[in-house]
Amino acid sequence: MIFITGTDTGIGKTYVSSILAENLKKMGINVGYLKPVETGGREDTLTLKNILNTDDDLDLMNPINLKLPLSPNIAFDVENSPLTLDEIKEKIKNAYETLKEKYDFLIVEGAGGVCVPIKEDFLMSDLIKFLGLDAVVVSRPNLGTINHTLLTVEHLRNKGINVRGVIINCITDLSEVLYYEKTFETIEKVGNIEIIGIVKSREDFEIDFEKILR
């Protein structure tokens, strides 16, 4: 089981999750997907449902769904949701336990970055801790990624969460990124964290699946 988080929203968590799911399935692994919280519809959940060709109910794969494309805590307020934090945690936990029993491996994908509030002061990182999962951080190769990646890893570690590694999602072609190798070296050295994957496209990627599955 693994929790896929990222340095920001729109960083490619769903894209990377879909590549992981697709290839783990090709390896013969019975893999499932959980998106505990999704705002702005169910596009991410539907993407993985189609890739995995699963009959899992959408309400199971995505127990907390909010209509507006906002931070979950703001969407809860604006939509006047009656759900309490305890009820939210219970719904997510029940979905997680159900899927965990059904599958050999479960990909759990967050929403936004690690510090986005879900409800009140309960952050996405608190959800990772609540579920007792290790994390993989999806990052980008562009200028600024050193700061964003190291801050994300440090925050997770300060919460007592084990970070298995970083996957670089090339939202910008590497040929357009100056000295990206040195950027990656800096992340690994300063953050004492391994880059376990580089995704250039759905067909062109290098991922250490052993680190994902361990």
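Note that Cβ sites are derived from N, Cα and C of the backbone, with glycine treated the same way.
A quick note: this is a predicted structure, and the numbers were derived from the prediction, not measured.
Swiss-Prot lists Lys35 with the feature active site, giving sequence analysis as the kind of evidence. Within the same chain, residues at least 6 positions away in sequence whose Cβ sits under 8 Å from that of Lys35 (active site) are Asp44, Thr45, Leu48, Met61, Asn62, Val108, Glu109, Ala111. Lys35 (active site) falls within neither a helix nor a strand when secondary structure is assigned with DSSP, and so counts as coil.
Take the CB of Gly12 (ATP binding site) and look out to 10 A: across all protein chains shown you find 21 other CB atoms. The annotation ATP binding site is assigned in Swiss-Prot to Gly10, Ile11, Gly12, Lys13, Thr14, Tyr15, Asp44, Glu109, Gly110, Ala111, Gly112, Asn169, Cys170.
Asp44 (ATP binding site): 22 other CB atoms within 10 A of its CB, across all protein chains. The Mg(2+) binding site annotation in Swiss-Prot covers Thr14, Asp44, Glu109 and rests on sequence analysis.
Among the features that Swiss-Prot reports, substrate binding site is placed at Thr39, with the record citing sequence analysis.
Highlighted in sequence order, Ile4, Lys13, Ser17, Ser18, Lys35, Glu38, Thr45, Thr47, Leu48, Ala111 have their Cβ within 8 Å of the centre of the Cβ atoms of Thr14, Asp44, Glu109, the residues recorded for Mg(2+), and are not part of that set. Sequence-distant neighbours of Gly10 (ATP binding site) (same chain, 6+ apart, CB under 8 A from its CB) do not exist here. Among the record's ATP binders, Gly10, Ile11, Gly12, Lys13, Thr14, Tyr15, Asp44, Glu109, Gly110, Ala111, Gly112, Asn169, Cys170, no two C-alpha atoms are more than 19 Å apart, and one pair sits at exactly that spread. Separating the Cα atoms of Gly112 (ATP binding site) and Thr39 (substrate binding site) is a whole-number distance of 10 Å. Taking the Cβ of Glu109 (Mg(2+) binding site) as centre and 10 Å as the limit, one finds 27 other Cβ atoms among all the protein chains shown. Secondary structure at Gly10 (ATP binding site), as computed by DSSP, is coil.
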